[in-house]
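Engineer: Supplied in structure tokens, the structure appears directly below.
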Number of protein chains: 4
Amino acid sequence: MTEIYQTSDAEGTINFINMFDLEHMAQEVIPKGGFGYISSGAGDVFTYRENERAFEHQLIIPHVLKDVELPSTEKLFEGEKLRSPIIMAPVAAHGLANTKGEEASAKGVAEYGTIYTISSYASRTMEQIRQAAGPSANQWFQFYMSKDDGINLTILEQAKANGAKAIVLTADATVGGNRETDRRNGFTFPLAMPIVESYQTGVGQTMNAVYGSSKQKLSPKDVEFIVEHSSLPVYVKGVQSEEDVERALSAGANGIWVSNHGGRQLDGGPAAFDSLQYVSKAVDGRVPIVFDSGVRRGQHVFKALASGADLVAIGRPAIYGLALGGSVGIRQVFEFFQTELEMVMQLAGVQTIEEIQGIKLRENRYI
Amino acid sequence: MTEIYQTSDAEGTINFINMFDLEHMAQEVIPKGGFGYISSGAGDVFTYRENERAFEHQLIIPHVLKDVELPSTEKLFEGEKLRSPIIMAPVAAHGLANTKGEEASAKGVAEYGTIYTISSYASRTMEQIRQAAGPSANQWFQFYMSKDDGINLTILEQAKANGAKAIVLTADATVGGNRETDRRNGFTFPLAMPIVESYQTGVGQTMNAVYGSSKQKLSPKDVEFIVEHSSLPVYVKGVQSEEDVERALSAGANGIWVSNHGGRQLDGGPAAFDSLQYVSKAVDGRVPIVFDSGVRRGQHVFKALASGADLVAIGRPAIYGLALGGSVGIRQVFEFFQTELEMVMQLAGVQTIEEIQGIKLRENRYI
Amino acid sequence: MTEIYQTSDAEGTINFINMFDLEHMAQEVIPKGGFGYISSGAGDVFTYRENERAFEHQLIIPHVLKDVELPSTEKLFEGEKLRSPIIMAPVAAHGLANTKGEEASAKGVAEYGTIYTISSYASRTMEQIRQAAGPSANQWFQFYMSKDDGINLTILEQAKANGAKAIVLTADATVGGNRETDRRNGFTFPLAMPIVESYQTGVGQTMNAVYGSSKQKLSPKDVEFIVEHSSLPVYVKGVQSEEDVERALSAGANGIWVSNHGGRQLDGGPAAFDSLQYVSKAVDGRVPIVFDSGVRRGQHVFKALASGADLVAIGRPAIYGLALGGSVGIRQVFEFFQTELEMVMQLAGVQTIEEIQGIKLRENRYI
Amino acid sequence: MTEIYQTSDAEGTINFINMFDLEHMAQEVIPKGGFGYISSGAGDVFTYRENERAFEHQLIIPHVLKDVELPSTEKLFEGEKLRSPIIMAPVAAHGLANTKGEEASAKGVAEYGTIYTISSYASRTMEQIRQAAGPSANQWFQFYMSKDDGINLTILEQAKANGAKAIVLTADATVGGNRETDRRNGFTFPLAMPIVESYQTGVGQTMNAVYGSSKQKLSPKDVEFIVEHSSLPVYVKGVQSEEDVERALSAGANGIWVSNHGGRQLDGGPAAFDSLQYVSKAVDGRVPIVFDSGVRRGQHVFKALASGADLVAIGRPAIYGLALGGSVGIRQVFEFFQTELEMVMQLAGVQTIEEIQGIKLRENRYI
């Protein structure tokens with residue numbers, strides 16, 4: 001038996017200083033099981049913690065006398081103008097954080113003016129998410145494949161019909177990570193997953209069961225399949241090594257998404273930001289790189305861009321904004337990152353996002 | 001005068017999330033002196049702590065699109081199929097943890113389906129341990145030599161008669177380590193040691209007295225002696241350097257067991273996992289390598305295998321399982337490691353144990 | 001509405017052991033908002049903390065039998081004799097710490113016998129500061145430029161008229177850093193800034209508004225402008241890289257001031273002391289180097305001098321001395337650093353400041 | 001006015017597990033000012049703490065099958081047999097710890113069977129110390145020189161007359177270190193210093209005054225002076241660099257004593273054990289090396305010997321033993337170190353002290 005899951009329905013302006021405040025505040029309004037699911041990492045949280053600490057491995061040198069004023073975070077990406085290179089990562093089940101779910105988050109992100117990645121495990125249909133965000137919203141679709149390719153074709157068709165501009169194949173979650181917090185909380189999914197309802201039984205499942213229902217045996221052929229049938233750019237998400245870059249690109253991927261799933265999957269692996277250094281060298285400008293995992297500050301966005309990322313995605317912070325302020329709250333979170341990024345740009349002496357990508361960080365020799 | 005030692009007699013399923021839980025739970029059911037003896041490390045516990053921390057020195061890179069599904073932990077070792085490369089380390093006196101002692105632990109490990117190493121300091125006879133586990137159980141015998149070679153011959157004969165498939169010569173405990181917890185607890189051995197009763201006076205001794213009764217002056221000749229008289233494969237346990245590999249192999253050892261005795265012997269030495277890197281290079285595939293010390297997670301098993309180990313032994317965690325659930329509890333512990341290992345294999349993109357041994361870990365530059 | 005700001009008006013001898021004591025004592029006498037503004041660092045205070053920790057990256061080797069006795073801290077700088085190479089950094093609004101403001105601090109520093117740098121954001125006029133210190137005081141002027149060059153000329157004229165011997169162009173604060181403590185305290189400036197009143201509206205502003213009123217778009221042309229119109233030596237403050245050294249020197253700067261603004265500006269950047277190693281190599285003796293950020297001990301002064309600094313500036317500690325003891329208190333702080341420096345010199349076996357600059361520190365390999 | 005200083009007068013066996021216990025127990029029986037003086041380090045105690053932590057920088061590899069049994073700690077040094085290479089460091093004013101002062105400590109050390117170094121600042125005369133220890137005791141004399149060479153000659157004559165076998169010139173304490181604990185405690189010396197009473201006024205002085213009364217301006221000439229006038233081997237104490245080795249040896253020193261005065265003098269310098277690596281390379285076997293600072297375990301003694309030391313001196317631990325058990329207590333402390341050293345030798349596979357000096361430690365790459 002599943003108890004009724006009662007979460008926040010907030011909508012409006014939040015007062016906060018930083019993302020650490022926001023996390024603590026969100027814990028007050030999201031039920032324990034949902035908050036545990038959203039906030040926690042895998043195993044001993046070594047990799048989870050390293051994700052954030054790793055930004056200390058590379059240092060931004062402040063530069064002076066660089067003739068900079070009111071730097072701009074605007075980013076031209078694949079022919080479209082984004083307000084900043086900060087985009088929305090795919091996150092399952094926004095309904096855990098706010099009853100308005102993805103309708104509020106998609107609206108807030110569209111109002112901010114950046115890319116929104118729809119999760120396969122969203123609490124709303126793609127149509128609802130598209131409608132809430134408006135026809136001009138820049139939306140991508142993150143894909144957890146079914147074991148049944150007929151279902152996969154149907155889902156890809158839906159994504160195209162709803163105007164998705166790219167498909168993100170999450171490849172690092174073919175089983176659930178060791179989410180001990182969920183097991184301690186006895187957490188099962190309280191909400192339906194309408195996008196994948198044809199292969200997920202939905203409400204009342206553990207995370208292991210959820211991941212077990214989707215396809216484990218991912219291979220380069222799956223990339224080829226999506227490329228062929230979607231005619232959309234395909235990003236492979238969860239890449240952390242040179243070897244995986246080559247495997248993904250050989251299969252036709254149009255972009256690489258560096259991530260360790262926010263430290264929620266394999267504990268004992270590297271920080272995503274450390275892996276970015278390896279991956280960006282291997283990609284060497286051939287395709288765009290998206291980065292996520294551990295981003296909590298404008299300086300983190302700056303460091304990821306200076307390390308080869310073209311776009312930087314945020315997950316948990318955006319969900320906390322959604323929990324505390326609905327569409328307004330999530331927009332504030334993006335504005336928070338933009339404001340900090342602008343400050344960092346001014347102090348680092350760069351006027352544009354493109355310039356950041358030419359910056360050389362100083363390796364921290366004392367960690 | 002020795003007080004009566006009253007420990008757990010539990011048998012049945014345990015609820016636990018991880019090995020840290022298990023340790024805390026075991027502390028509740030094992031008497032203070034026994035728990036201190038089992039759980040503690042030597043001196044300032046520097047080496048003890050390093051054992052576990054050292055796994056952070058090498059990182060597993062998650063790999064995607066590797067066409068992996070339901071990876072298998074099966075291991076073919078010396079012609080026998082093991083359910084996994086995770087085996088039972090020799091641990092003295094299981095009776096400290098559970099009144100059923102080695103009869104329960106040998107049964108549980110046999111039911112799980114892996115190698116069980118009988119300790120010279122077991123609380124049961126070899127016959128009892130063999131009988132509890134059944135005739136097909138895969139058992140090795142760990143040897144603390146007597147100063148008297150006649151006694152040694154008798155013990156080796158018993159081991160052969162009871163079907164031991166290998167002899168493990170523990171060479172790193174020619175004196176007891178600096179076990180301050182035992183001294184603070186005033187701990188003396190409350191139980192008999194029937195296997196070595198011909199040279200150990202048994203009940204009421206301190207650890208120093210126990211070690212003092214066995215042979216200190218181990219040399220390559222002892223390896224030769226055991227090889228000659230047992231006609232069984234001989235593993236030298238406690239090897240941490242290239243030099244010791246050569247000394248052991250020159251004397252005819254058939255396997256190398258990398259260990260620092262769980263941080264219980266020499267404090268101020270390296271983590272066993274760090275030493276494994278040196279040893280596996282020196283062994284270079286000539287003989288099998290067994291590894292123990294500090295293993296608490298499936299990722300640790302994976303990292304040891306990827307660093308050259310053929311088998312990975314666990315000690316304290318198995319004993320905690322024994323304390324809390326008898327034969328069922330110890331089997332659950334092996335299943336815990338297997339389940340975590342399977343998850344790590346899926347996320348690291350390897351289908352078989354053999355593939356792990358070809359994996360390259362990424363050295364952590366930031367420790 | 002701004003509440004009345006009531007701070008210390010102390011004048012007299014302070015009892016203290018070290019600068020950490022002094023900070024705690026100062027917190028008792030300075031209002032919360034003012035103390036937060038003075039003491040805090042930016043963002044996650046990573047860089048703030050690194051500033052002090054970085055001194056552990058280089059070690060002083062004690063030297064024996066060096067024939068040293070009563071070493072002298074006297075420093076001949078640009079033809080003038082200073083009691084020591086320890087000088088007063090520019091710090092805004094001394095009136096936050098003591099009602100007597102810069103009149104007391106300038107008097108105390110003059111009595112001690114070293115350089116005093118007047119902040120553009122001082123709570124007193126340049127005339128008042130000069131008068132309090134006396135005609136022979138060695139004063140420099142730190143410049144936050146206006147967006148209006150007419151105003152800039154007027155301010156430079158005032159500085160010259162008041163006998164400033166150098167102009168320090170602070171180039172690392174073209175926007176305010178992320179001062180979260182100020183935001184948590186709702187801190188706005190309670191005091192007027194008479195030196196820059198022609199472009200700053202003054203009382204009741206946030207730090208962001210203060211920095212916003214001054215010139216953001218600093219470039220080498222501004223250095224040229226000041227050099228041309230002041231005919232005084234110009235120091236560029238906030239330099240942390242080889243690249244900035246060249247930019248400043250090419251524009252005609254006569255000195256380089258290594259600083260990260262006490263960790264108050266860009267968080268996620270290097271410790272200033274670590275940057276000093278890079279900068280002093282790049283400067284290579286062409287111009288003098290001033291160093292600040294994180295100096296709390298005589299050994300820090302020694303290490304900075306041995307790393308290429310010619311002068312070492314202190315900020316917060318001096319202000320705490322001012323808060324607790326007025327002109328006497330701030331002088332005591334300089335004497336504290338001198339006393340510790342003398343002890344370090346004796347133990348390191350150097351008789352003069354010049355000798356320190358030839359010393360080689362030992363890099364700490366174990367951090 | 002000086003209050004009466006009432007300290008321990010204990011004599012007899014102490015129960016303890018390790019030196020950390022002993023320190024805590026000693027704190028109970030020594031007055032606060034005296035205990036602060038004995039136990040504390042300089043400044044931020046960075047160097048003090050590093051002294052002990054530095055032993056983790058080099059690791060002992062346990063070695064097996066080395067044919068070792070009952071290893072011997074005996075050391076033949078300059079023609080005399082010592083029970084072990086562990087000797088007594090010079091420590092001022094044993095009377096602070098035990099009313100019996102150096103009479104008890106010299107007796108205990110002689111009974112143990114190793115070298116005892118008499119401090120210039122002893123609470124007893126050389127005659128008393130000699131008499132308490134007996135005619136065959138192996139005693140060295142540590143020299144704080146007077147500014148007056150006549151006095152120096154007299155003291156050297158006394159040392160010779162009392163059978164000192166070497167002179168130790170402490171060269172790293174030409175001023176007092178920054179002993180903040182003493183200043184917080186308002187500590188002044190409560191006891192007379194009979195050996196140097198001709199140049200020290202004694203009771204009621206601060207440490208700064210004590211050091212100020214002795215000679216600051218030490219130079220190679222002072223080594224030459226002592227060599228010439230004592231005709232005894234001269235050790236220069238406080239050496240931490242190659243440069244100082246050469247300066248001392250050129251002046252005729254017969255031995256090098258690596259020490260940073262237990263972290264009591266210059267804070268911000270290296271751990272003594274780290275410096276030992278540099279010094280032993282520079283000495284290259286030309287003269288004996290004595291090591292102290294931070295030794296709290298048998299493994300520390302082993303590591304120092306393996307890093308080039310010929311003798312290892314202990315200070316604070318011995319004084320705590322003296323406080324708690326008089327001559328018996330201090331002997332127990334030496335026995336504690338010997339017992340631990342024997343265990344380490346057995347586990348590291350070395351039979352003699354000479355073999356330790358040929359051992360290669362493994363550098364810890366993960367600190």
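All positions are counted from 1 along the displayed chain.
Placement of Cβ uses the backbone N, Cα and C atoms for every residue, glycine included.
Note: TrEMBL annotation is automatic and uncurated.
Taken from TrEMBL, the feature domain 'FMN hydroxy acid dehydrogenase' applies to C:11-366. TrEMBL lists C:Tyr37, C:Tyr144, C:Arg179, C:His261, C:Arg264 with the feature glyoxylate binding site. Summarising the annotation, TrEMBL assigns FMN binding site to C:90-92, C:Ser119, C:Gln142, C:Thr170, C:Lys237, C:Ser259, C:292-296, C:315-316. According to TrEMBL, the feature active site, proton acceptor maps to C:His261.
Map the listed features onto the structure and describe their local environment.
Structural biologist: Spatially close to C:His261 (glyoxylate binding site) yet at least six residues away along the chain are C:Thr170, C:Asp172, C:Ala173, C:Gly177, C:Gly238, C:Ser293, judged by Cβ distances under 8 angstroms.
Take the CB of C:Ala92 (FMN binding site) and look out to 10 A: across all protein chains shown you find 23 other CB atoms.
According to DSSP, C:His261 (glyoxylate binding site) sits within a helical segment.
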Engineer: Take the binding-site residues C:Tyr37, C:Ala92, C:Tyr144, C:Arg264, C:Asp292 and keep those with a Cβ under 8 Å from any chain B Cβ; what remains?
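Structural biologist: Answer, by Cβ distance to chain B: none.
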Engineer: Which whole number of Å gives the largest C-alpha distance between any two of C:Tyr37, C:Tyr144, C:Arg179, C:His261, C:Arg264, the residues noted as binding glyoxylate?
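Structural biologist: Per the listed residues, the maximum Cα distance equals 19 Å.
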Engineer: Which whole-number value in Å describes the distance between the Cα atoms of C:Tyr144 (glyoxylate binding site) and C:Arg316 (FMN binding site)?
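Structural biologist: Pair distance, Cα basis, whole Å: 19 Å.
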Engineer: Spatially, and counting Cα to Cα, which of the binding-site residues is closest to C:Gln142 (FMN binding site)? Options: C:Tyr37, C:Arg179, C:Arg264.
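Structural biologist: For C:Gln142 (FMN binding site), the closest Cα among C:Tyr37, C:Arg179, C:Arg264 is found at C:Arg264.
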Engineer: Excluding near sequence neighbours, so keeping only residues 6 or more apart in the same chain, what lies with its CB under 8 A of C:Gly294 (FMN binding site)?
Structural biologist: C:Asn51, C:Glu52, C:Ala54, C:Phe55, C:Gly262, C:Gly263, C:Ala271, C:Ala272, C:Phe273, C:His300
Engineer: Between C:Arg316 (FMN binding site) and C:Arg264 (glyoxylate binding site), what is the CA-CA distance rounded to a whole number of Å?
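Structural biologist: For C:Arg316 (FMN binding site) versus C:Arg264 (glyoxylate binding site), the Cα atoms are 12 Å apart.
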Engineer: Between the Cα atoms of C:Tyr37 (glyoxylate binding site) and C:Arg296 (FMN binding site), what distance do you get, rounded to the nearest Å?
Structural biologist: 18
Engineer: Taking all residues of the domain 'FMN hydroxy acid dehydrogenase' (C:11-366) together, what is their mean pLDDT?
Structural biologist: 97
Engineer: What's the number of neighbouring CB atoms sitting within 10 A of the CB on C:Gln142 (FMN binding site)?
Structural biologist: 25
Engineer: Roughly how many Å separate the Cα of C:Arg179 (glyoxylate binding site) from that of C:Arg296 (FMN binding site), to the nearest whole number?
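Structural biologist: Answer for this pair: 21 Å between alpha carbons.
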Engineer: Calculate the distance in Å between the alpha carbons (Cα) of C:Asp292 (FMN binding site) and C:Arg264 (glyoxylate binding site), and round it to a whole number.
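Structural biologist: It is 12 Å, counting Cα to Cα.
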